[in-house]
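Copied over from TrEMBL:
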- 301: active site, proton acceptor (ACT_SITE)
- 344, 350, 380, 398: Fe cation binding site (BINDING)
- 359, 380: homogentisate binding site (BINDING)
- 19-288: domain 'Homogentisate 1,2-dioxygenase N-terminal' (DOMAIN)
- 289-441: domain 'Homogentisate 1,2-dioxygenase C-terminal' (DOMAIN)
Ligand SMILES: O=C(O)Cc1cc(O)ccc1O
Ligand SMILES: [Fe+2]
């Protein structure tokens, strides 16, 4: 899987100018001709007086399929972006273990959080809803809602605690990273690996969306098994930015999340100073509408794992630290089948959000920007209205159109944050959506 590309070939090979296509490739890209050493990583002197630096996203000795690192050729090594740090208030950002609230033994659902008037950068705008596992054990995750009303300016952020997966719901955002620039819009996801510096800017007004922070291994593509070599999320639809750098000797504030604490230092230059890089430890974006769903063609409702877009595996096979599962537009064709999700009690815990449209199991009450939590072993399923409609529906082929929901599904029970427990949009009557599910049992009649 070589991503070799000269600057000219890059432009020809990518679907969009400014991006390299593929997942897990050994990419290479340079913003100045000849900035990348040829055939070696650490020449005695790098071109243009750059420093060479390796960024290791996996242990050196990780098996080939999981081995991730990139080589960065930059104006200063990262250690020169490191100053005297002081702790700053983490706002509503929480890190596992976070035991401030005892998790309620109930399915829960929230209305969308309104975007406030106050000026919130991405760093101030992370509002944690759940945390799971333990960041210091490099295991578990957190589900957040971000509310961003101002661009970061002369500021940079990096997260040592985990990889960040953004699901954009409202408002486009520009992610300026050490590897280059990613522009993303609602229905796209953006993944920023652990330790990669970024600056988040708004593109068209305030933004709201979801953020999964995964403390364990990075997200990767799931195996396709008997599905074969195509469909689901196809590697070529993942886009990584080409190198772009700032040569700016002006003040910049760097905030690093490390051990659940936000640390701040002041630099006298921009840390986005990577002129060229190569490797497979990279940020990327993906348009969820490119996902090619595969599903039941004759009868029954398959497990939602058929819609796994990315998986962050744990040490236990098939038991993800966290999966990103999506519920995209698709045709429903199964005969003699209750087509919406079945009723369910699950060892994995399910955080769900809605990017746009309606979700078939919950036609009302679960709205774009809202979210729900169906924790470990807590029963849930279609609400009474969805059950009634699906039980009576004429089973013609039917398109679930204009819809995009998703789930962060983790092996760990999710703890609720104080912030989420106190949100005015927490639906106190969520259980009532199932109260219309009356008994229909008639032992005398089949
Ligand atoms: O709505 C949910 O809870 C998610 C979900 C979807 C599905 O199709 C089957 C099971 C399941 O948990
Ligand atoms: Fe479920």
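A Cβ is built for glycine as well, from the same backbone N, Cα and C atoms used for every other residue.
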Sequence-ordered binding-site residues from 344, 359, 398 with Cβ under 6 Å of an atom of ligand 1: 344
Close-lying recorded positions around ligand 2 among 301, 344, 350, 359, where CB distance stays under 6 Å: 344, 350
Mean of pLDDT values spanning the domain 'Homogentisate 1,2-dioxygenase N-terminal' (19-288): 97
Integer Å distance between the CA atoms belonging to residue 359 (homogentisate binding site) and residue 344 (Fe cation binding site): 16
Whole-number Å value for how far residue 398 (Fe cation binding site) lies from residue 359 (homogentisate binding site) (Cα to Cα): 14
Surrounding CB atoms that lie within 10 Å of the CB of residue 359 (homogentisate binding site), all protein chains: 26
The residue listed as 'active site, proton acceptor', number of other Cβ atoms within 10 Å: 15
Neighbour-count leader, CB within 10 A, binding-site residues: 344, 380, 398: 380
Nonlocal residues around residue 350 (Fe cation binding site), in sequence order (Cβ under 8 Å, 6 or more apart): 372, 373, 374, 375, 380, 407, 408, 409
DSSP-derived class (H/G/I helix, E/B strand, else coil) of residue 301 (active site, proton acceptor): coil
